[in-house]
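Undergrad: Okay, here's the structure, questions in a sec.
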2 protein chains.
Amino acid sequence: MKLTILGCHSATPTVSAHPTAQVLEIKGHLFLIDCGEGTQVQLRKYKIKFSRIRRIFISHLHGDHFFGLVGLISTFRLMGRNAELHVYGPKGIKEAILLFLKLGKSYTNYPLYFHELDTTIPELIFEDDKVSVETIPLEHRVYTNGFLFREKPADRTLNVDAARAANVDLSYYNKIKQGFDVENKEGKIIPNKEITFDPPAPKSYAYCSDTAYHPQMVDQVTEVDVMYHESTFLEEHHHLAEKTKHSTAKEAAAIAKKAKIKTLILGHYSGRYGNLEFFRNEAQEVFLGKIELAEDGKRFDFSKK
Amino acid sequence: MKLTILGCHSATPTVSAHPTAQVLEIKGHLFLIDCGEGTQVQLRKYKIKFSRIRRIFISHLHGDHFFGLVGLISTFRLMGRNAELHVYGPKGIKEAILLFLKLGKSYTNYPLYFHELDTTIPELIFEDDKVSVETIPLEHRVYTNGFLFREKPADRTLNVDAARAANVDLSYYNKIKQGFDVENKEGKIIPNKEITFDPPAPKSYAYCSDTAYHPQMVDQVTEVDVMYHESTFLEEHHHLAEKTKHSTAKEAAAIAKKAKIKTLILGHYSGRYGNLEFFRNEAQEVFLGKIELAEDGKRFDFSKK
């Protein structure tokens, strides 16, 4: 599981501060999460292959999370894309994107599917044999969802030497990997654990932006490996966070603590602060797990334990 | 009259090739012409004061000329703008922009006016005592206008020494500047030309993008000082220009020649060509006036003769 931050700043884009977008690589999928203006250029800059993006998840319809989407969809067309594209986002997103495409007489020549969201309870929105994605309802000025990405448990790994020593017929390979006990050539039941290794623990990633302090999400994200939680403000501007329905670094940390998260990534910084370390300092007074600061272009590799 | 090219490349934006947008400074106005994705960042990069932009002219509703507009309008709001903003563009532009703002519950708190265009003959769309702006109907895959910006003749400049020598009462100052002959203190009519200098000749700028070869525009732009004419392709790809309703550098030059333009600026380059000098070389085989190549960030000063 790898995460590339394309942009992690709030509100207006500048030359050096890009609005929200990130790419999660998980079990062979490349998921684009949010798509602020300029995301397609950031994708190019960080050499992410456009054709590998098949699913885009939009948290809410504020410009800094969404205004790059229509340009990216158009660029896919100009690049001669054939592959399906699935867009998950709040109700209304389809009408808006299609209106822009219609005005430019630029309908896509690849299959484009919209999955519009409007529930306020967690909803499973994508699933295959390797991963699942569900919404995390958040609290913001407009209808907003975070997204919870979970790997499914992988197959067990065959311990070839142990299986041979136990005289197991390796034509049972698939059953063994799936965790079944099997009979050996003498008809004796061999417990699966004796001839396999545990697979890597499945990873999980919760993306939570934008949101006010919202402890209602804690149950859903408990013991998630990695959580990105917005921290637009520091506590000194708590009144602004309340007014605009954003979080402070301390509040993000409080969620991470309650949910027993392993790694907390902070981002969606207001432009008013000179030094991002302020966010880390404030968060680590509350949360004792690992804290990372999102930065445009930063890549995290969570594949290793 | 000064022109700043913010972007001059066709189709998809990249790190180093920005889609179309330019700023024309003319008689105190700062006009933004077209607004591809990322224009607001380019405005910041080239230190153009956002609050001075009061009028935006959109040629057509293809993404590379238009997808930056909603973000710029939103950013104006976040910056606390009060001044009116006027947007001139094809019919449909208002509905599209307002839909995006509505979805984000982000209506502007400054007065925003849309002037929707749908005529196919030249139309005067803005005028004050210093400049006029009219549409230049173009030929493209969607409804498209260029724009013709003209300075109005300035007042004549008083020749103080000559006026005193001719014994003219300088309380006539305003009448003299306006070109009237006046009586001197002895009651003799003094011809205006004897006591004034010619003002600088009024300048004009024609913006023509995107368009197929379209000689119907020639009458309207004849003897304009500066013309930006798209040259997406070179002649070797004439078939692509025809198919996509764009122009080659040679065709742009042919328009400039027929219209007796003083300075031709080429731009809207396809990304397929390694060297922009190819465009100049092709154009100067046809057009003997001055040829400039647009480049992102380039500034032209046409104030001097």
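The backbone N, Cα and C atoms fix where each Cβ goes, glycine too.
Per TrEMBL, the feature active site, proton acceptor maps to B:ASP64. According to TrEMBL, the feature Zn(2+) 1 binding site maps to B:HIS60, B:HIS62, B:HIS140, B:ASP210. Residues annotated as Zn(2+) 2 binding site in TrEMBL: B:ASP64, B:HIS65, B:ASP210, B:HIS268.
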Undergrad: Using Cβ atoms only, which of the binding-site residues B:HIS62, B:HIS65, B:HIS140, B:ASP210, B:HIS268 are under 8 Å from chain A?
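TA: Cβ contacts with A, in sequence order: B:HIS62.
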Undergrad: Other than B:HIS60, B:HIS62, B:HIS140, B:ASP210 themselves, what residues in this chain have Cβ atoms within 8 Å of the centroid of the Zn(2+) 1 site's Cβ atoms?
TA: B:SER59, B:LEU61, B:HIS65, B:LEU138, B:ARG141, B:VAL142, B:THR144, B:SER209, B:THR211, B:LYS245
Undergrad: Here the binding-site residues are B:HIS60, B:HIS268; which one has the lowest number of other Cβ atoms no more than 10 Å from its Cβ?
TA: B:HIS60
Undergrad: Distance between B:HIS62 (Zn(2+) 1 binding site) and B:HIS268 (Zn(2+) 2 binding site) at the Cα atoms, whole Å?
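TA: On Cα coordinates alone, these residues lie 13 Å apart.
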Undergrad: Whole-number Å distance between the CA of B:ASP210 (Zn(2+) 1 binding site) and the CA of B:HIS268 (Zn(2+) 2 binding site)?
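TA: Between the alpha carbons of B:ASP210 (Zn(2+) 1 binding site) and B:HIS268 (Zn(2+) 2 binding site) there are 8 Å.
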Undergrad: Using C-alpha atoms only, work out the spacing between B:HIS65 (Zn(2+) 2 binding site) and B:HIS140 (Zn(2+) 1 binding site) and round it to an integer in Å.
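TA: Cα of B:HIS65 (Zn(2+) 2 binding site) to Cα of B:HIS140 (Zn(2+) 1 binding site) measures 13 Å after rounding.
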Undergrad: Rounded to the nearest angstrom, how far is the Cα of B:HIS268 (Zn(2+) 2 binding site) from the Cα of B:HIS60 (Zn(2+) 1 binding site)?
TA: 14
Undergrad: Round to a whole number and give the Cα-to-Cα distance in Å for the pair B:ASP64 (active site, proton acceptor) and B:HIS268 (Zn(2+) 2 binding site).
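TA: Roughly 10 Å, rounded to the nearest whole number.
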Undergrad: Taking only the Cα atoms, work out how far B:HIS140 (Zn(2+) 1 binding site) lies from B:HIS268 (Zn(2+) 2 binding site), in Å, as a whole number.
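TA: Given the Cα positions, B:HIS140 (Zn(2+) 1 binding site) is 14 Å from B:HIS268 (Zn(2+) 2 binding site).
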Undergrad: Highest Cβ count within 10 Å among the binding-site residues B:HIS62, B:HIS65: which residue is it?
TA: B:HIS65
Undergrad: Taking the centroid of the Cβ atoms of B:ASP64, B:HIS65, B:ASP210, B:HIS268 as the Zn(2+) 2 site, which other residues of that chain lie with their Cβ within 8 Å of it, listed in sequence order?
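TA: What remains near the Cβ centre is B:SER10, B:PRO19, B:THR20, B:ASP34, B:GLY36, B:SER59, B:HIS60, B:HIS62, B:SER209, B:GLU230.
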Undergrad: Counting across all protein chains present, how many other Cβ atoms fall within 10 Å of the Cβ of B:HIS140 (Zn(2+) 1 binding site)?
TA: 20
